[in-house]
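To start, the structure under review is shown below, and the notes come after it.
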């Protein structure tokens with residue numbers, strides 16, 4: 001067993017016993033490395049910092065549930081996966097907006113509709129921003145990150161029915177916000 005692994009095992013053991021000093025040591029030891037991993041993938045300082053913060057927040061929240069054996073590997077892999085998932089969600093969101101725009105073209109071929117593409121995209125963004133924070137997060141995870149309802153429910157400590165309620169509520173709000181674009185003018 002290497003010295004780092006031995007130290008990590010000791011820190012994990014202390015962490016599971018709710019030792020905040022152990023958490024701070026883990027944070028100090030790995031923050032810069034995780035930030036570098038995220039930044040190399042994302043290329044954005046703020047997004048990288050937020051992502052690393054989420055990783056550490058998750059580590060603390062689930063300190064008693066995690067069965068981590070190799071802390072460094074676990075944290076680096078988490079940073080890579082979360083970074084790639086963030087990129088994927090941006091691509092999915094962009095594809096969703098493109099789909100809405102394409103759908104609009106198919107429904108109405110007038111020159112005015114073509115000029116309204118940016119308005120439609122802005123309306124989608126506005127509708128999502130007007131949702132309650134939890135509903136918006138759940139909707140994004142469901143529709144843009146393709147996260148299963150069961151996993152979202154687990155992440156938010158909600159029942160699957162509650163998650164489905166948030167998604168339905170979000171879809172209705174989005175439909176209401178976008179009904180102008182679907183009505184013939």
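Backbone N, Cα and C atoms are what each Cβ position is placed from, and that goes for glycine too.
Among the features that TrEMBL reports, domain 'RNA polymerase sigma-70 region 2' is placed at 26-89. The residues of the domain 'RNA polymerase sigma-70 region 2' (26-89), classed with DSSP into helix (H, G, I), strand (E, B) and coil, number 53 helix, 0 strand, 11 coil.
According to TrEMBL, the domain 'RNA polymerase sigma factor 70 region 4 type 2' annotation covers 122-174.
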On the DSSP side of things, how many residues of the domain 'RNA polymerase sigma factor 70 region 4 type 2' (122-174) fall into helix, strand and coil, could you say?
42 helix, 0 strand, 11 coil
